[in-house]
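Below is one structure, written out as structure tokens; the observations come after it.
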Amino acid sequence: MATRTPSKNSKATAATPASKSGAKAGSGGAAKGAAARKGRGRAGASGTAAATPSPKNPRSRSARDAGPLEKGIGKLANGSRRQAGRASQGARQSARSLHPDHRRDGVGFALIGLGIVMAAALWHGFPGAVPQAIVAIVAGGFGRVGAFTPLLVFGLAVRVIRRPEEAADTNRMSIGWGAFTVSAVGLIHISGHMPHPSDGSAAMRNAGGWIGYAISAPLVSTVSSFVAVPLLILLLLFGVLVITATPVYRIPERIRAGRGHAGGFLHWMIFGDREDPEALEAAGDDPYGILDVEDDPSDNEVRNQRLQQTVENEPTIFIPMLDGAVDATADAVPAEDDGTQVPIPVAVPRSRKAAGKKTPASAQASSGSPKDAVQAAMELYAANADPNAEYKLPPPDILRVGAPPKTRSKANDAVVAALVEVFKQFNVDAKVVGFTRGPTVTRYEVELGPAVKVERITALSKNIAYAVASADVRILSPIPGKSAIGIEIPNTDRENVSLGDVLRSVEATGESHPMMVALGKDVEGRHIVANLTRMPHMLVAGATGAGKSTCINTLIVSVLLRATPDQVRLILVDPKRVELTSYEGIPHLITPIITNPKKAAEALQWVVREMDLRYDDLADSGFRHVDDFNAAVRAGKLKPPPGSERVYQPYPYLLVIVDELADLMMVAPRDVEDSIVRITQLARAAGIHLVLATQRPSVDVVTGLIKANVPSRLAFATSSLADSRVILDQPGAEKLVGQGDALFLPMGASKAQRLQGAYVSETEIAAIVKFCTDQLTPLYREDVTGQAGSKRVVEEEIGDDLDLLLQAAELVVSTQFGSTSMLQRKLRVGFAKAGRLMDLLETRNVVGPSEGAKARDVLVRPDDLEGVLDSIRAEAGAG
């Protein structure tokens, strides 16, 4: 007990001086607290040690020995330090409580202030310590290049204020500007005769500064100035490519699409490859509602006025009317089908007054359009026109210019981190080696480690979808042409693909064929175009709202922009009556837009007859393709046989577009299928091509015969895996995200190519249609659907079938059910005999025409049966 008591007393004794000395010292820092704790620890062990002050704490002794004045000063200093600490902590908390946008704006304004100070120091030489220090640092370090640093600071400030925080683009811009600046100061220092630091600061400032000397001196001393200059120029060009996000293989395309004025170029250099979404929204309609900004009515009005001026300023041109043409405004006289070939007429001009006028330059569709690219495209399109015809193609600048593509965003970095985390959680030896960003999806490339099965990645599809918070994850195993697995994940910040950009691209302008159409952009950002003559027929299918109708619009507009009416003629079938009505009256039409499914079936039969006539001419002239036949006709090498009054004329391409195949198959499935199969089997060499579209890709609509003869497929988002297999014969379309996202499987390809379909707005369509219709009036062929109302010619002689015909008439009228299968069962006849009996009843107005799988309408009431039977007996007796 005696040993424990002193220990407690000594501990209490030790605590008192320690606390007093801490109060006198004032600050209570970490070192003093540690010393006090150490003293208390020793007090617990020995009372003698606790009573003796620690020799390692001299401040405690000085504080105890100080006088009242010194103690007061110490307390005042300690209080000031505490207040300053509280103030700084409060300022930090206040800054953290600000919204990130306000913090970013604060950084931007601070940079603007720094730029003002730098401009005052470098450009005007204002006196003061700070301006002199800036001159010494900037001008001394960068030499003559230092005079441009205020502009860079201003540009960085504007970027920080106007752009969200995007680390990827900031890093890219930093690398690009760094390479550009280093190479520039090195070149300037070499051109300034390589001053040495011993020559003085003025000589260094008039050259490349200290940084220029540090860059150029080692290069010149090792490889001479003749080699150093090209190396620095290469570094300079690399910096420019990085700043503008331009790969080397896209330099020609970027040169054509270069900015038309210095302001646009400065915007391009500061902001890289981005454009303001508001500018995109003002330039045209937002196709899929992706942009979160409101339309500016004033901008749309200005753009519409420019499009109107473009259309009104173009003259109307005259094309001589060909033999056999029928004016749409004249009274129609049905032509007899005598087996002779009737040439497809071209459109007739609306006015001859403007013939020979010089066409003024067309106004641009939107401000800031790349004039060089538009001019190049206009020259190409002008080359497509027949030199003997005066029809003028619509100007390419009638279509708006879209926003430049993004190469990387913070969302891509977040997805990469999520993929790496998934691989780590499931112990998969794989790594993300890169990604390729497209308009709709980004494809992330994954390389596997040794002895890792591909199935381990494909089995994680649901886990990957969960990690990236997206249900539409598609895995390619492997990527065609690469030893890597592709994981396609939709972008949270999707981009629109403008049809004008695709048609002005290198891929489209590299070929002048009139049947070249634009489709969109693939995952790698390349423009996808297709030549319909090489496809040669295409099936477009997908669920409602997936982008099918927009794709049809892009195909038609592509043809209108690249082909004259004597090069391509159109047959448009629109059973919905709302999808293709915008194109009514264009001179490329060979018949008015067909909305009646029965007339559509007749039009397909006319196409078959037209194909046979073309093949007759090809066989007689010894050519295998209509292109060779047309070339011989234009060259005057093809002469009609002696005694014939036939005048050979070139055959235009005939493009048949059916917007909804399901409606046609419901009305006359057998006739429609037979016509489609015959066209797709034989019409390629005759210059006839078919585009079939449907939103119901079921096996009863897209039959096996149709699929076998339509080799090119374009599948938009489908609702089920079965629909994807019907369209593509493979899965994939059920995982598309919609709104133009599609899989393109051209003829001969084994794997489908993913792309984002191009978009053309209603305003652009109206402007193009007005441009075409103001020049020419369409000429229609009356025999395309002229047979729609005529009855089918059947064998009218009853012969020995009088008794069967009377029984069939009595059976059909009494039951009010006109079915061929019923006649087979009740009369015990075969299908051919029952069909003939039904045709005989149709010619005698007992039943109506065939409506596919439905029973025929019975036109005679049971009360009138006896009169019908008597008329049939009388006819048979008279015969």
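The first residue you see is number 1, and the count goes up from there.
Placed from the backbone N, Cα and C atoms, the Cβ positions cover glycine too.
Per TrEMBL, region 'Disordered' is recorded for 1-102 (among others).
Marked as compositional bias 'Low complexity' by TrEMBL: 10-24 (among others).
Under the heading compositional bias 'Low complexity', TrEMBL lists 43-54 (among others).
For 79-97 (among others), the entry in TrEMBL reads compositional bias 'Low complexity'.
Residues annotated as transmembrane segment in TrEMBL: 106-126 (among others).
Per TrEMBL, transmembrane segment is recorded for 132-161 (among others).
What TrEMBL records for 173-192 (among others) is transmembrane segment.
Here TrEMBL flags 226-249 (among others) as transmembrane segment.
The region 'Disordered' feature in TrEMBL is assigned to 349-370 (among others).
Summarising the annotation, TrEMBL assigns domain 'FtsK' to 525-725.
Annotation comment: TrEMBL describes Gly542, Ala543, Thr544, Gly545, Ala546, Gly547, Lys548, Ser549 as ATP binding site. Other Cβ atoms within 10 Å of the Cβ of Gly545 (ATP binding site) number 14 in total over all chains. According to DSSP, Gly545 (ATP binding site) sits in a coil region rather than a helix or strand.
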Around the ATP site (Gly542, Ala543, Thr544, Gly545, Ala546, Gly547, Lys548, Ser549), what further same-chain residues have their C-beta within 8 angstroms of the site's C-beta centre?
Gln695, Phe716, Ala717, Gly738
Quick one: average pLDDT across the domain 'FtsK' (525-725), no decimals.
90
Intrachain neighbours beyond the transmembrane segment (106-126), with Cβ under 8 angstroms and 6 or more residues off its ends:
98, 132, 134-135, 138-139, 146-147, 149-151, 153-154, 156-158, 160-161
Positions whose Cβ lies under 8 angstroms from the transmembrane segment (132-161), at least six residues beyond its ends:
104-105, 107-109, 111-112, 114-119, 121-123, 125, 173, 177, 181, 184-185, 188-189, 192, 201, 204-212, 269-271
Let me make sure I understand the structure: which of the binding-site residues listed (Thr544, Ser549) has the fewest other Cβ atoms within 10 A of its Cβ?
Thr544
Among the binding-site residues listed here, Ala543, Ala546, whose Cβ has the fewest other Cβ atoms inside 10 Å?
Ala543
I'd like to know which of these binding-site residues, Gly542, Gly547, is least surrounded, judged by other CB atoms within 10 A.
Gly547
Long-range same-chain neighbours of Lys548 (ATP binding site), Cβ under 8 Å, sequence gap at least 6?
Val540, Ala541, Gly542, Ala693, Gln695, Phe716
